[in-house]
Amino acid sequence: MAVSERRLLAAMLAVAAAAALRVAAESEPGWDVAAPDLLYAEGTAAYSRGDWPGVVLNMERALRSRAALRALRLRCRTRCATELPWAPDLDLGPDPSLSQDPGAAALHDLRFFGAVLRRAACLRRCLGPPSAHLLSEELDLEFNKRSPYNYLQVAYFKINKLEKAVAAAHTFFVGNPEHMEMRQNLDYYQTMSGVKEADFRDLEAKPHMHEFRLGVRLYSEEKPQEAVPHLEAALQEYFVADEECRALCEGPYDYDGYNYLDYSADLFQAITDHYVQVLNCKQNCVTELASHPSREKPFEDFLPSHYNYLQFAYYNIGNYTQAIECAKTYLLFFPNDEVMHQNLAYYTAMLGEEEASSISPRENAEEYRRRSLLEKELLFFAYDIFGIPFVDPDSWTPEEVIPKRLQEKQKSERETAVRISQEIGNLMKEIETLVEEKTKESLDVSRLTREGGPLLYEGISLTMNSKVLNGSQRVVMDGVISDDECQELQRLTNAAATSGDGYRGQTSPHTPNEKFYGVTVLKALKLGQEGKVPLQSARMYYNVTEKVRRVMESYFRLDTPLYFSYSHLVCRTAIEESQAERKDSSHPVHVDNCILNAEALMCIKEPPAYTFRDYSAILYLNGDFDGGNFYFTELDAKTVTAEVQPQCGRAVGFSSGTENPHGVKAVTRGQRCAIALWFTLDPRHSERDRVQADDLVKMLFSPEEVDLPQEQPLPDQQGSPEPGEESLSDRGSLHKDEL
């Protein structure tokens, strides 16, 4: 049988299979033969006349019909692409021999367009007449806005289907978070008997986004073991969603309004226009899949961020093989990321060079990147030659993918935009300066007056306030605990570490020049209960954290109680052989409740940052070591505004926001021990371990044993503290595992 005959037979079989696919789809339970636009119109008409069962019937059918049509498009395009791929011998690249033989060139074109026609025939037979599956742009927008659920929640409520009403209302509100009426409806539903928390379901939730957000939440709660399966599931669902999104891009050409009246193009220009539009749509899937209705902007670098979360989560559970695989995969997208290279080097050292070298990046990520870069090359080429705009949704695209002429044009446009922005910015700064000069003095007085509440306990003294520390919402106090208490808590840390503190005595991947031991309040109490550490030391640890919480709450004159967000007693020890020419820090400058971008002078308050943290404190247990000073900076992470030297019984407290970037200098000799505490004003984010610790303390001790010393009616600490013998440069510092 000739090659052409075999191709024709394959095409006929594919078209027949496509027709069978449509018949099979129409016989499925979810298929509704009526068009979604007609069903939606019937539903709105039923709503107008108060026919609530009619609203439910038609709106539910409209949603099912639209979902079935979407599924049919996906199946047809996937099936036809699989059954009728481009012919293996169809070389689409330049062939010098074709220019010498016009007949061969014509045959080449015919083979190409023959493949196109056969694919089109397959799709036509599978999808059916175009009129059967086209929705108007306006109606598609209504479905995307989740409007059917707005009608459904009222109708369900009217016919006493409360569980469905709650789910429909919640689904609509997730897509329309500014809709005040629906917010009021949801508040009302929450007060009704019989309504459960599980009823508030998003019926349109995207599986990949649901798993990602759940995984990130568990990651932020420092539960890496539980976060990993959700982040891995998010990746699997992402690639499925990406293929579906891309398949749906292969629709009719969008003429953009009435442009079709003036559209005039030859064969190849028309093909180019349509294909580039399809490629643009496919690249835009990056943005679509990274978007969530509750966010103003999509997640930045959404796919690579999965591997970033996973590499550190796997490290935290001791799985270096997977940590290396995810780190290498992340580096496919950002090959110059210094921190990731440091992490990879650390993981490699822990696993072994030979075994680590055999681990490759994930294959599906490599394929994704290769395909995406090829598409970008075509899109940038079309932008450069035909002027068809393309906005790259990714920040990881290598510069060499963009044509040089286009690079120069974009550079010129950026420089112009920057110049205009700077001129506007300078003008705004002048105006702001005039306003600030008038308000700054009164604001400073207000802040200082607000701070300076009682220190509650005898022996505690104010060492530095916000004014001395050159900032706001900052304080350093001494005498919080005694020398004996410091030594006992230090012994507790080292004893708990030998009993298993969850870190296995290893160094952090970010600070390979130090090792650390740590123990939480709950862990210490459990070890005390088991007799592995002195129970009274664990009780002291619990009491001291409560003492610091009360003092911070009082000093900053907070109207709302502080709740523990996380508590950690940790010791960091310098590794002697690793200190030569050391330039790193125990922890670089950061902000406790947002992601600091020092270059842009901004801090993004979103996960994985602990956005719910409001105040932070660190209580030092010793000062007999070198380095390890705590320091505050400006948002640029370079300009140091104050520095604090640790010593026994000294506490540093501050608000956790952008006003207080801070870091920790390297510990170059000895061991630095401290209790790190984070607090929240939101009881919903109260530390679960603390609640368990409270219950365990009640079980193990009598009320008299856990009562703190009587709070003293001391005067407010409003004035500037008396300067001590130390200068600002002699005072204290910290790390993510601390502050």
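Placed from the backbone N, Cα and C atoms, the Cβ positions cover glycine too.
So that you can see what the record holds, here are the features copied from Swiss-Prot:
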{"type": "SIGNAL", "residues": "1-25", "note": "signal peptide"}
{"type": "REPEAT", "residues": "146-179", "note": "repeat 'TPR 2'"}
{"type": "DOMAIN", "residues": "567-681", "note": "domain 'Fe2OG dioxygenase'"}
{"type": "COMPBIAS", "residues": "728-739", "note": "compositional bias 'Basic and acidic residues'"}
{"type": "MOTIF", "residues": "736-739", "note": "motif 'Prevents secretion from ER'"}
Study note, to complete from the structure: Taking DSSP H, G, I as helix and E, B as strand, the repeat 'TPR 2' (146-179) contains 26 helix, 0 strand, 8 coil
Exercise for review: Determine how many residues of the domain 'Fe2OG dioxygenase' (567-681) DSSP places in helix, in strand and in coil.
Suggested key: 3 helix, 59 strand, 53 coil
Exercise for review: Let me know the model's mean pLDDT on the motif 'Prevents secretion from ER' (736-739).
Suggested key: 34
